[in-house]
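The next block holds one structure in the form of structure tokens; read it before the comments.
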Amino acid sequence: MSGTNQSSISEFLLLGLSRQPQQQHLLFVLFLSMYLATILGNLLIILAVSTDSCLHTPMYFFLSNLSFVDVCFSSTTIPKMLANHILGTQTISFSGCLTQMYFVFMFVDMDNFLLAVMAYDRFVAVCHPLHYTAKMTHQLCALMVAGLWVVANLNVLLHTLLMARLSFCANNAIPHFFCDVTPLLKLSCSNTHLNEVIILSEGALVMITPFLCILASYMHITCAVLRVPSTKGKWKAFSTCGSHLAVVFLFYGTIIAVYFNPLSSHSAEKDTIATVLYTVVTPMLNPFIYSLRNRSLKGALKKVVGRVVFSV
């Protein structure tokens, strides 16, 4: 095949999560509820961090960026699925499909990078508290986030261009609720070997490296916490780290299961369930996991909610 896109297909059909009418209505309500919870929770964190000067620190700066990314992440897939249900259509154009894929995985990369940076920030705060303000300056934090956006865009651009060169000749039905890489590769009538190699090599490097950094950071944090004499302090630190790591393992575990295996080992049902976990559940859980055990953030959230209630 040549390097140009020879696709005779101008649009794809997003089959969604179920073809049973009763299940579709239930899934619509469930996904709408989770989407609204995701938007509300993450926007409240962004408002709390931006309006409370006490939260203008690196930790909350990264958390507000994570919340912004999660809002965009959820908004890339769920509204389209909900709109298709309301309008009774399943179509998405070829260019729209590639655009959706681009933004989905750009925000996946940003989630991935921000989780790693947040773990490093906690490592410096716990293990090197005397050097924290010198190491984690506002300028460095802003440069780190800007650099992460550049790397994420370049990485996803590579995969999108590789997908655009493929041909799609006959079947255009995607057994999913958004344009995912794996079902698109299965539909292609071109040789997808290069795409698979890049996903398993460069893609794995981009995902696994931050994951290992997170594990290393929390291992050092754990060692530091074990030296704390207070049993109550240890329990609080371990419960907080445990909740963070639970979200991390959910996020990375599902991504590794979906994308870093040969195409022949995939099944549409298992891949769809796994992608729901990292595209819908994780962005919804992040605000609760990172705020429920944080007294300062809970206080700021109460102020924001109070202002909203009284203004109404």
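The first residue you see is number 1, and the count goes up from there.
Keep in mind that glycine also has a Cβ here, set from the backbone N, Cα and C atoms.
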Given the ranges 54-76, 238-260, which one is assigned the annotation transmembrane segment in TrEMBL?
238-260
The annotated transmembrane segment range in TrEMBL, which must be one of 104-124, 272-292:
272-292
Find the average pLDDT over the domain 'G-protein coupled receptors family 1 profile' (41-290) in the predicted model and report it.
88
